[in-house]
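Per Swiss-Prot, the feature active site maps to SER168, HIS194, ASP290; the stated evidence is sequence analysis. What Swiss-Prot records for 4-121 is domain 'Response regulatory', and it gives sequence analysis as the kind of evidence. Per Swiss-Prot, domain 'CheB-type methylesterase' is recorded for 156-348. Marked as 4-aspartylphosphate by Swiss-Prot on the basis of sequence analysis: ASP55.
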Amino acid sequence: MTIKVLVVDDSALIRNLLGQMIEADSELSLVGMAADAYMAKDMVNQHRPDVITLDIEMPKVDGLTFLDRLMKARPTAVVMISSLTEEGADATFNALALGAVDFIPKPKLDSPQDFNEYQDLILEKIKSAAHAKLKTQRAAPAVVVQPSHKPALSSRVINTQLVAIGASTGGTEAILSLLQQFPAVMPPIVITQHMPPGFTRTFAERLNKLTRLNVKQAEDGERLLPCYVYIAPGDQHLEVIKVGGSFKTRLTQGDKVSGHRPSVDVLFNSVAECAGANTTAAILTGMGKDGADGMALIDEQGGKTFAQGEQSCVVFGMPREAIKRGVIHHVVELPQLADKMLNYLASLKRD
């Protein structure tokens, strides 16, 4: 059964381009193209699409307002088409908080290779969105959430442990939820979230505002500090290396690994090699299998491994692959994951 797709964009060029890409795939059926939210509403009611690609910046009714109304009236898998501006990035994360499944930047097609790569990516995201679990809508929190009482971590744990997290589709909101449940005093945390360039800095700034931790986009060669969270920049691999007695970041522009740059496998492999048994790692919602190999190495080196449970995942791809490998010690739904990780870290002071 084909996946019914509706394209909503005020640009005729973008509509036709996306329509051309969708019609070239036998698994997808283009049921309509709308230039504004009013046309889109009629087409949603008429065609009942499985997936909608939605432009954020539209006349009359903007994409966020339409998305908000859609998710209340007829929840549907939505992939946002986002501009590479700071305002566009902010709007994108608001859209994900409102219930959009995923996003992709507007196409910049300067060569046939660009066209082919963009087509592969948008088709992959549409197909993944069609099978995604739509979460209950929740507005982006406006204030820092104060977590309930958490176990105190010893200074030894804070200064010797490393926490590593990997995610893809659905990960921006999952990471926010997880970090909001962590206390202000934690070991260094390194995160790879599949995301294109131009969005990771805004993502880090958003997390910094909405959690008790210090969150930043990682820079090359910086020392990892307790109470800080380091986000892999878009289109760069984030690795952790040990220099003297300190953990430091290394950013590289190497080939894609497991189909991605940044890659969760690259981060997890590096953490396993330099932190070994002092690693606590979690793999969250996402499509594909990136992170499974890295989790296997962390397990082999004696680290503690966690995976998000299927019920709370938007896409149960990456956690499933790691679980299938037999390298995950604890499978935990997102609401309980922070407590499980903290209880493990707190238990280390008694060892």
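Here the Cβ of each residue, glycine as well, is placed from N, Cα and C on the backbone.
The Cβ of ASP290 (active site) has 30 neighbouring Cβ atoms from other residues within 10 Å, across all protein chains displayed.
Annotated pair HIS194 (active site) and SER168 (active site), C-alpha to C-alpha distance, rounded: 5 Å. Listed in sequence order, the residues of the same chain lying 6 or more apart from ASP55 (4-aspartylphosphate) and placing their CB within less than 8 Å of its CB are VAL8, ASP9, ASP10, SER11, ILE14, GLY63, MET80, ILE81.
The Cβ neighbour count for SER168 (active site), using a 10 Å radius over every protein chain in view, is 27. Around the Cβ of HIS194 (active site), the number of neighbouring Cβ atoms within 10 Å comes to 25. The average pLDDT computed for the domain 'CheB-type methylesterase' (156-348) is 97. Counting only the Cα atoms, the space from ASP290 (active site) to SER168 (active site) is about 9 angstrom.
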